[in-house]
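Asks: Supplied in structure tokens, the structure appears directly below.
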Amino acid sequence: MQAPQFTVDPAEVAKFEAMAAEWWDPHGKFKPLHMLNPCRLDYITTQIAGEFSRDLSQPRPFEGLRLLDIGCGGGLLSEPMARLGAQVVGADAAEGNLPVARIHAERSGLVIDYRHTTAEALAEAGETFDVVLNMEVVEHVADPLAYLTACRQLVRPGGVHLCSTINRTAKSFAAAIVGAEYVMRWLPRGTHDWSKFITPDELYDLLRRAGFEPVDRKGFVFNPISWQWRLSDRDLSVNYVTASVVPG
Ligand SMILES: C[S@@+](CC[C@H](N)C(=O)[O-])C[C@H]1O[C@@H](n2cnc3c(N)ncnc32)[C@H](O)[C@@H]1O
Ligand SMILES: [Mg+2]
């Protein structure tokens, strides 16, 4: 029997298959994610440390935590999480991403369990995690509610789920589509479909319907002068992230 994969949009996964070799090129097609990494890691690590009372000044503060990076791509987040001590499973629906992620982790001396699978297949297998990272994936799936429901099943009671995506605003059309795909040409044209973007209120609603309790949201704001990203309490108009818990 084939593993369930009802959240997979084959056309979306094919886009990532085509770019798989570029994951670790900081000047390649995933340049926006490389640039965003310090800012989003700041948010992710702070939320996890808060939830599990971990001290980020320690060398391996996430020791003992089981973490799933769903839609892991080349492992841009799986690797820093493993370095911080988490026991990481990285899962992606695009098969070509996995060898790229595996080779890079091996060369970095990191042990990460990378799998070609989906959230729904992991949920059906009864896997659970303390932390599920779900970063920049929900705007690429076939059915966001079904996908988030599968992600919910993967978080153990008392666990945390971090989910980032792109808002559906005039500004996000200008920045994420015109800017990133047409002007900067970071991403191939057609990488993002504006109509699949989700507003923060819609995402909170979907998260609640999936069984999560959303507890925080912040914007990721790009400053074109300093060429850096920062977290914002108020500006969620383009990229943003949410933290949700599953009551213990
Ligand atoms: C924009 S990338 C984000 C990669 C990584 N999370 C990061 O932020 O660096 C989206 C990833 O989600 C994967 N993906 C798309 N649909 C998926 C699904 N239904 N289940 C699991 N992964 C999926 C793609 O193959 C791709 O690697
Ligand atoms: Mg995206």
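Keep in mind that glycine also has a Cβ here, set from the backbone N, Cα and C atoms.
Pasting the feature list from TrEMBL:
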- Arg40, Gly71, Asp92, Met135: S-adenosyl-L-methionine binding site (BINDING)
Asks: With H, G and I counted as helix, E and B as strand and the rest as coil, say where DSSP puts Arg40 (S-adenosyl-L-methionine binding site).
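Replies: Where Arg40 (S-adenosyl-L-methionine binding site) sits, the three-state DSSP reduction gives helix.
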Asks: Does any of Arg40, Gly71, Asp92 have a Cβ within less than 6 Å of an atom of ligand 1? These are the binding-site residues; tell me which, or none.
Replies: Gly71, Asp92
Asks: Tell me the Cβ neighbour count for Gly71 (S-adenosyl-L-methionine binding site), meaning other Cβ atoms within 10 Å of its Cβ, over all protein chains shown.
Replies: 26
Asks: Note down the number of other Cβ atoms within 10 Å of the Cβ of Arg40 (S-adenosyl-L-methionine binding site), including every protein chain shown.
Replies: 24
Asks: Taking the residues Arg40, Gly71, Asp92, Met135 listed for S-adenosyl-L-methionine, what is the greatest CA to CA distance in Å, to the nearest whole number?
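Replies: For the residues that bind S-adenosyl-L-methionine, the greatest Cα distance is 19 Å.
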Asks: According to DSSP, which kind of secondary structure is Gly71 (S-adenosyl-L-methionine binding site) found in, if we only use helix, strand and coil?
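Replies: Gly71 (S-adenosyl-L-methionine binding site) sits in coil per DSSP, no helix or strand.
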